[in-house]
């Protein structure tokens, strides 16, 4: 026996109609109550409404127009009727423990009250207790012994150390690994930057060289050739088809030789300053060092130096003379002595130079004045060599 729903077509009249899909308003039908037209109170729905209000569009859980205002598919709850209600949250239960939470740490009693036996120890009692193998094993787990008589008891620390000795050390520190990788990368980046800057030195010097031939004007290479005429361009960037290309290559080659000579001079000065050029000085009264059988050094060098500290020569009288080699600037002193012998007037400059250096305020004022007057021109000339300064500094520090 199926259930049916009564549709009120007219006022006060109810007819029975089937509700197979359940989309019509929900009304409770009790077959035992024998609901029919003669019994109008057949509907047990407490939220029932007259038919004109049922035709109104209600706002329910499925949006406007989907759920009737008197229940339906979702039942009779306030949410299904389109009414949102917020229930207050239940208050937390009252705590019965009034001592909850972190309590303050009680003050520790004095050592004489908590450990009275520790106050009775002294140096003598401690050394006597160390005679016990068990106690000594706690203080000397690695087997150390001051008397060499007592054998300590092996402890857990000794077992762990033996295990690590068999299986290897723990994982290495990642900070050391990172620094080991970043160091070479930074050096490589700095080297690449200096290389790119050094490659610009020939072009800068070439531009300065060519500007000397075009005083008061812009250096322009016409570049006219019978085979392949080209437009006007800078003389420092001539194409291979330009007649000025060979002169540009020649200038670049001379500039490279000049830079190489400058680096060699700097390296020579550095080695001479470090004392790595043991040059025999000139014997007073002679222009050259004579060659003879006793030219080798007969006095050993002082300290751990691998270079001789003196040089023995055989002058014209036949007697060997040993002259000590300066520990620094030996080659420079040799060149100065050689130049003083060749050009006697250089010796007259020594007192003047010593006097001028002694006047330090005058020297500094003169240097400041010269830099103020010639500074811009010197900067334009020396600016191409600025990338070489870091290389010279590294050589000076690490050699």
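Every residue gets a Cβ built from N, Cα and C, even glycine.
Membrane topology from Swiss-Prot places residue 103 and residue 369 on either side, one opposite the other. Cross-referencing 176, 319 with Swiss-Prot, the residue annotated as N-linked glycosylation site turns out to be 319. In Swiss-Prot, the annotation transmembrane segment applies to 253-273, one of the ranges 232-252, 253-273, 274-294.
Matching 181-201, 202-222 against Swiss-Prot, the residues noted as transmembrane segment span 181-201.
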